[in-house]
């Protein structure tokens with residue numbers, strides 16, 4: 001979890017049992033249990049996954065109750081663990097991406113998460129198939145129209161408080177609120193109702209990396225039992241619900257799920273992160289109409305006052321035939337003002353230096369400058385453009401690819417706002433590295449292929465970038 005999130009929570013004395021002993025099944029027992037779980041998943045017709053902090057520890061995010069958990073160390077008076085990456089740059093784990101593969105294959109029907117790290121959404125689980133019971137540190141919501149806004153920066157508040165931004169719907173404009181619960185906040189009814197519905201429908205509820213201590217969320221998996229469903233728990237510590245489970249596995253979640261995916265002969269999809277930003281080029285004539293006063297700004301797509309966390313600095317240079325002085329912008333807002341002769345045309349080169357956690361150091365963007373030329377605006381199919389970028393990133397096995405998604409122009413005063421997309425992370429997964437000598441089965445465990453047609457996704461919720 002985010003250390004910032006833990007620090008923002010109101011203080012309470014009793015956070016439940018912490019410092020819990022970890023248990024590890026022997027290699028032989030673990031292998032047997034992984035095979036049992038694979039068979040259960042293959043037979044399942046309504047698989048629901050219930051996740052806790054344990055699925056994100058391999059992402060560099062500390063848990064709460066483990067031997068080195070945040071609350072464990074707090075109680076012992078020890079320094080808090082350090083996250084290996086900035087929270088906003090944490091990447092989904094092998095388990096996160098395996099769940100995406102299961103969802104795309106039509107096997108996984110719903111995910112219920114107690115985590116606030118946003119990694120299920122970032123991994124690619126559809127919003128309509130996800131209940132985030134405790135909120136999302138990167139999600140704002142409009143209390144008036146219900147619109148959701150998924151940010152690339154961690155919100156400054158928790159406790160369902162108002163933030164500094166407003167709903168972008170012109171008919172609404174209400175102040176937005178964060179979605180992360182504090183201790184005394186009730187679980188959101190919309191998320192809870194969906195979670196209860198799918199647990200009742202579930203013939204298999206797979207609990208991953210959760211101690212199942214926080215009520216009422218921890219009781220959700222039990223609702224599957226009334227309809228004859230089964231519960232499987234994968235966790236390093238014992239849980240209060242172990243006796244209700246058909247199978248309890250003590251092992252690292254990534255290793256267990258990697259083994260299951262290999263037995264099901266299913267690939268774990270790579271994680272591709274694409275970030276957006278906008279450039280704003282504003283131009284105006286000088287009073288004597290001989291010069292152009294212009295400003296270029298590199299800003300967040302979430303608003304001019306919003307932080308741009310994945311860009312550390314911007315180096316600005318110009319085409320070779322110009323003698324303009326280069327500039328380095330190393331503080332936000334990234335803004336450069338210049339004056340040039342009216343008739344001059346040239347290229348502006350932006351060398352973007354990325355922050356820690358990005359998979360590449362930098363990329364370059366070119367922006368043409370011609371005050372006397374009129375540039376038309378356009379809006380591409382965003383999803384199709386991003387999909388092409390993902391395909392290219394997978395093929396190249398590297399990041400840095402960029403594309404223009406949208407351009408808006410204003411004639412008076414002249415300005416153009418361009419939305420750019422950049423691939424900032426590419427991460428592939430090899431379950432053989434995680435799981436030893438296990439060999440994939442070309443057919444399903446019962447001789448049947450495991451891929452199923454994806455069923456209707458149902459009604460989608462409004463989530464905006």
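Every residue, even glycine, has its Cβ placed from backbone N, Cα and C.
Keep in mind that TrEMBL annotations are predicted by a computer and have not been checked by a curator.
Features of the protein shown, as given by TrEMBL:
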type     : residues           : note
DOMAIN   : 27-267             : domain 'Deacetylase sirtuin-type'
ACT_SITE : 134                : active site, proton acceptor
BINDING  : 142, 145, 167, 172 : Zn(2+) binding site
REGION   : 440-465            : region 'Disordered'
COMPBIAS : 450-465            : compositional bias 'Basic residues'
Around residue 145 (Zn(2+) binding site), how many other CB atoms lie within 10 A of its CB?
13
Can you tell me the CA-to-CA distance separating residue 145 (Zn(2+) binding site) and residue 134 (active site, proton acceptor), as a whole number of Å?
21
Which of 142, 167, 172, all binding-site residues, has a Cβ with the fewest other Cβ atoms inside 10 Å:
172
Does anything in the same chain, at least 6 positions from residue 134 (active site, proton acceptor), have a Cβ under 8 Å from its Cβ, and if so what?
113, 114, 115, 116, 180, 181, 187, 217
